[in-house]
Amino acid sequence: MISLSDLRKFKAEGRKFSCLTCYDASMAKAMELAEIDTILIGDSLGMAIQGRDSTLPVTVEDMAYHTAAVRRGNQHALIMTDLPFMSYATLKDALQNAKTVMQAGAQMIKIEGGAWLSETVQVLTRNGVPVCVHLGLTPQSVHVFGGYKLQARTREAADQLIADCTAVVEAGAAVLLLECVPAQLGQEIAELFPNTPVIGIGAGNATDGQVLVVQDMLGLTFGRVARFVRNFMKEQSGETAILDAFKAFHAAVQDQSFPAKEHTFQVEL
């Protein structure tokens, strides 16, 4: 089973690691067979599974249910679970809700924010809960951002994001996840923290790992497709097409053919 120590080792060795969202046991088993390194039970299930307009209505109970299903289907990947909207607004809530999803099978929890999360990260870490902090475009704050848009477009904004990363890493964050930021910034942050694995989605190909929503990479997105998405399913055929798509994603992350330049945001900072 992949562990946090393995992710750190991968980074030290320069080996890129793969991450996909997953919400059920059958997909989890296919990801195990494809040797996907990390699985994120994301609150994206609100849209991908429940058909909602955003992640905001997702509950801790939802997250625990899907975490348990994924864990039963996959004994290989590191399992990371989102704490959903407003479920870590207080330290008491953060501890209780982290306990719930960890007992369901998560090995790490993910929360969205910046430097203001430092105390929460510190308390969770001291209580034995590894924490991934999601920065850049954070979907739980979509109404604050005014939509799903590229973040840290200027040097000033990029430096603020770096300061946020520094604060949460110093507080004990085990992993960083960057979403929708310039490729240059993704590289800067990955290089700035040699002992902290950095996962990217729309953050360039210099981050240590890459994550996609499974429905997106299987071509099950109806409507606008994000720039950072590649449809790995259309390259496959036959009864093993889904498994082959997962294998292709894993291989493309490792050899850095994904994300290609067309999947990234090239902004001079």
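Cβ coordinates come from backbone N, Cα and C, glycine included.
Per Swiss-Prot, Mg(2+) is bound by D43, E112; the candidate from D24, D62, D82 named for the same site is D82. Once the Cα atoms of D43, S44, D82, K110, the listed binders of 3-methyl-2-oxobutanoate, are compared pairwise, the greatest separation found is 12 Å. The 3-methyl-2-oxobutanoate site, placed at the center of the C-beta atoms of D43, S44, D82, K110, has further neighbours from the same chain whose C-beta lies within 8 angstroms: T21, L40, I41, G42, L45, T55, V58, M63, T81, L83, P84, H134, P139. Its own atom aside, the Cβ of E179 (active site, proton acceptor) has 23 Cβ atoms within 10 angstroms in the protein chains shown.
Of the listed binding-site residues, namely D43, E112, the sparsest CB environment within 10 A is found at E112.
Comparing D43 (3-methyl-2-oxobutanoate binding site) with E112 (Mg(2+) binding site), their Cα atoms are 11 Å apart once rounded. All protein chains considered, the CB of K110 (3-methyl-2-oxobutanoate binding site) has 22 other CB atoms within 10 Å.
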